[in-house]
Amino acid sequence: MDFFTVRVFHQWKSEMLLVGYSGGAAVTCKNELEMVNEEILQKVSEQLRQAMIASSEKPPGMDWSKRSGGSEICCNPDEFGDHSAMECSPFIVVHGAGSFGHFQASKSGVHKGQLNKPLVKGGFVATRISVTTLNLEIVRALAREGIPSIGMSPFSCGWITRERYISSADLSSVAKAIDSGFTPVLHGDAVLDEIQGCTILSGDVIISHLAAYSKPKYVVFLTDVYGVYDRPPTEPDAILLKEIAVADDGSWSVVKPKLQNSIELTVAAHDTTGGMKTKISEAAMIAKHGIDVYIVKAATSHSLRALNGDLRSSIPDDWLGTVVRSLK
């Protein structure tokens, strides 16, 4: 990490908030190839607008693209003026790939490297086409809510890994976007790796890296289930873990509820980024900095409370989700 990046981040406002669509599963149909869950994405975008923009009045939309099935581009410049609702709290949004990118990466082995192989190189290109397609869909959904969102790809910004861990990440463009009043929307991406040639950089790792330097008030992971469970949530006896405590060394333990059995975390066959195991590991790394992490189901009343910061003082008994926080 270069010193310029650290210096830029130290200038960021302490009111920063990081939001992650965990694995992309929150807004995609993860078992259907390249399928966006339009209803959930719209609801999530509405909740983000409510959390980001103080005014109750919805600001004018910023997606002036041609809609599917339409023949015109809708834009009314008179709606803008000096619109007070344009004042937007500083947010960073990060999303994973969900049903975009994972299939292409697993078929070609991009996450394993060996970029000199034609199949891997082709898969690298195919993966980036897929994940940037999802990024555009999310940016457009946020823009339609009046959020000044800007898509930013780690590969295009020069992020590089070393054995799948971030070794170089020029965050100056992200900082400049925020300083200019935009909301950066980053995503899990295929990137170059100094040792194995290439790999997949997950959205969870990106969030952890950003949190270490931007020191946000808190981080929200939006997912397709209510939080972290002691076993696959599809099993009838699965227990929602309400609170996970993180020690100084990054190790974690379940505080609420008290469990009698061990925890079983699974990873989907096509998931090249580690699934829930990676999510908890990165959440623990964030919590080490004294930053609370809320893992919660997207597009619910529980996610809105997390996004609004309603959980910072205490966690209500009726809130469904998982909070990961430092033991300090």
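Note: Cβ is positioned from N, Cα and C throughout, glycine not excepted.
TrEMBL has this to say about the protein:
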type: DOMAIN; residues: 88-296; note: domain 'Aspartate/glutamate/uridylate kinase'
type: BINDING; residues: A97, H102, G203; note: substrate binding site
type: BINDING; residues: G98, D224, G275, K279; note: ATP binding site
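If you take the Cα of G203 (substrate binding site) and the Cα of K279 (ATP binding site), they are about 9 angstrom apart, rounded to a whole number. Separation of the C-alpha atoms of A97 (substrate binding site) and K279 (ATP binding site): 14 Å, rounded to the nearest whole number. A straight line from the CA of H102 (substrate binding site) to the CA of K279 (ATP binding site) spans 16 Å.
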